[in-house]
Structures are given as structure tokens and as C-alpha cells.
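What TrEMBL says about this protein:
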type	residues	note
BINDING	Arg57, Glu115	substrate binding site
BINDING	Glu115, Asp142	Mg(2+) binding site
DOMAIN	2-210	domain 'HpcH/HpaI aldolase/citrate lyase'
Amino acid sequence: MPSSNAKALEKAKTLPIDAVIFDLEDAVAPDAKPAAREAAAAAAASGEYGRRTLTIRVNGIGTEWHDADLAAAAQAGPDAVVVPKVNSAAEVAQLVAGLEKHGAPDHTRLWAMIETPVAILDALAIARASERLSCFVMGTNDLVKELYAEHVPGRAPILPSLHTALLAARAAGIAILDGVYNDVKDTDGFLAECEQGRQMGFDGKTLIHPGQVEGANTAFAPSERAVEDARGLIQAFEDGQGSGVVTYNGRMVENLHVESARRTLSIHEAIQALASQ
Ligand SMILES: CC(C)(COP(=O)(O)OP(=O)(O)OC[C@H]1O[C@@H](n2cnc3c(N)ncnc32)[C@H](O)[C@@H]1OP(=O)(O)O)[C@@H](O)C(=O)NCCC(=O)NCCSC(=O)C[C@H](O)C(=O)O
Ligand SMILES: [Mg+2]
């Protein structure tokens with residue numbers, strides 16, 4: 001959300017979201033940036049957002065606001081600092097050095113936005129560049145712009161880029177969040193894109209409006225059917241008593257399927273635990 005929007009900063013305290021990105025970049029007009037920087041730092045340090053992961057998106061390397069943003073974000077000590085248009089492993093090293101120079105606490109991670117052709121082509125090196133880097137965030141608007149592509153249902157023009165970033169994130173063992181859906185009134189299009197993102201393997205989706213929260217939560221949470229299926233599959237494997245392969249509902253089940261089922265259950269249990277707080 002734009003850190004210049006006081007109503008949005010307030011609203012986020014009430015929304016069932018996992019994380020907040022206090023934006024200083026594209027959603028904030030140039031003359032509003034200094035006040036937005038102060039508001040983001042104050043919000044991140046306020047202790048008023050409960051269990052939500054708090055992050056600040058600074059302006060990119062090379063912009064006139066970047067140094068002041070990075071210093072303020074490091075000092076506020078959010079869960080992560082999100083940096084747009086990260087283009088290389090060397091930039092990750094520069095960002096980590098900057099966070100440390102400005103006294104960022106150890107818990108403050110770096111999230112890199114992957115949104116340029118060079119970042120896609122160097123995604124694995126970027127993902128592996130630092131222990132502080134814990135998440136990729138896809139910037140699908142910038143990617144479409146840089147590729148001279150178009151936003152179309154199904155996202156065929158950017159699927160190779162999304163898959164490349166996913167491969168890099170998984171190879172490096174970091175999280176990866178899908179990009180935003182711009183049309184806040186197009187519920188069907190948004191839900192289809194959430195479904196696609198989950199099927200591809202994204203850990204979640206970045207959102208731009210409160211109206212998108214419920215749909216994303218539903219799409220990325222394991223369905224009742226998926227939970228039941230995971231439990232049944234694990235049970236069938238255990239009943240096989242050491243046999244390497246069994247069948248469940250006519251499907252072959254090996255240990256790797258059990259691992260996937262356990263992952264589904266652990267996500268479900270984490271969501272249940274949050275809901276009961
Ligand atoms: C898209 C919007 C400009 C729409 O704004 P608006 O028409 O004012 O929305 P509503 O009137 O429907 O708002 C209803 C209430 O919800 C609050 N609200 C709106 N947006 C947010 C939000 N993002 N977070 C929290 N709360 C929000 C309003 O204040 C209203 O509250 P109330 O009156 O109390 O009921 C607007 O939604 C918006 O600015 N969205 C965020 C835009 C943004 O952050 N952009 C940057 C990130 S996306 C990006 O950068 C892309 C990436 O880099 C890439 O390359 O792809
Ligand atoms: Mg962008």
C-alpha cells in the first residue's frame with residue numbers, strides 16, 4: 001500500500017493478511033516521498049500490526065531517494081526491506097552492506113523484486129547472493145513493460161519469466177510471491193490468476209486492494225478436499241507398512257507424494273492456528 005495513504009495504513013491493521021508492504025516506490029508521488037518514508041518507518045516500528053509480517057519497499061538503487069529510504073528502513077527494523085528492480089548478485093551484496101551500515105537488526109531480511117529482463121536471466125545468482133535474501137517478489141507490471149509485452153488472461157507472454165524466477169527461488173530455498181493483479185474490479189480474472197499462481201508453485205500473491213484479500217486467502221489455502229486427500233494418502237502409505245509404493249484412490253503413492261501431502265497439512269495447520277488466535 002502507498003505509505004502516503006494514512007487510511008490504507010490504518011485499514012491494514014484490520015485485514016486478514018499475512019504481510020504488509022509499506023510502499024515508498026511507484027505508489028508514492030515524488031513530492032510525497034519524504035513524508036511517506038517517515039510514515040512507513042513509524043508504522044513498521046509501531047507494534048500495531050499484530051502478527052503480520054511488516055516490510056518497507058524502498059525506491060530502487062540509483063534513484064535520488066534510495067539512500068535515505070534504505071537508512072530509514074534499516075533503522076525502523078521491519079521484518080524485511082523490499083527492493084525493486086534488483087538486477088544482480090552484486091546489487092544484493094550492496095544492499096546487504098547498506099542495511100548493515102545503517103544498523104538493520106539481524107531479523108530484517110531482504111526481499112528482492114524481480115521485474116527486469118536482466119534479473120530474470122540472472123535469477124539464480126541473485127537468489128543465492130546472500131543469507132539475508134529470503135524472498136523474491138515478482139514485479140509483473142515492470143516485466144510486461146520491459147518486454148514490450150501485454151497483460152493478457154493466462155499471462156502467456158510472461159510465463160517463461162515467471163517459471164525462471166520460480167526455478168531460481170526453489171533452487172536457492174527462498175520464498176517467492178506472485179505479482180499484483182491491476183484490475184481491482186475484475187474478480188473472476190483475479191481469482192483465475194490466483195489459481196494459476198498457486199498451481200505454478202508461488203507461495204502467495206501480492207495484492208493492491210482489500211477486495212483481493214479473501215480471494216487470495218482462499219486460493220492459496222489448501223481446500224478441504226486437498227486436506228482430506230492429504231490425510232488419506234498419508235494413511236494409505238502408512239497402512240502399506242514399509243512398502244515403497246501403494247495406491248490411494250487409484251493413484252500411485254510413493255514417499256515423495258507423502259512429503260507433498262505433509263506440506264499441504266502443515267500449511268493447513270498453520271492457517272488453522274492463525275485463525276484461532
Ligand atoms: C488501486 C487503488 C488506487 C484504489 O483506490 P480506491 O479507489 O481509493 O479504493 P477504495 O475506495 O475501493 O478503497 C476502499 C477502502 O480500502 C482502503 N484501501 C484501498 N487500497 C488499500 C490498500 N492497498 N491497502 C489497504 N487499504 C486500502 C481505502 O483506504 C478504503 O478504506 P476505507 O475508506 O477506510 O474503507 C488503491 O487500492 C491503491 O492505492 N492500491 C495500492 C497501490 C499500490 O500499492 N501500488 C504499488 C504496488 S503494485 C506495484 O508496484 C507493481 C510492481 O512493482 C510491478 O512492477 O508489478
Ligand atoms: Mg515494479
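Note that Cβ sites are derived from N, Cα and C of the backbone, with glycine treated the same way.
Fewest Cβ neighbours within 10 Å among the binding-site residues Glu115, Asp142: that distinction goes to Asp142.
Mean per-residue pLDDT, taken over the domain 'HpcH/HpaI aldolase/citrate lyase' (2-210), amounts to 98. For Arg57 (substrate binding site), the number of other Cβ atoms no farther than 10 Å from its own Cβ, over all displayed protein chains, is 26. Mapped onto three states, the DSSP output places Asp142 (Mg(2+) binding site) in helix. Counting only the Cα atoms, the space from Arg57 (substrate binding site) to Asp142 (Mg(2+) binding site) is about 15 angstrom. Secondary structure at Arg57 (substrate binding site), as computed by DSSP, is strand. Here Glu115 (substrate binding site) is positioned 5 angstrom away from Asp142 (Mg(2+) binding site), judged by their C-alpha atoms.
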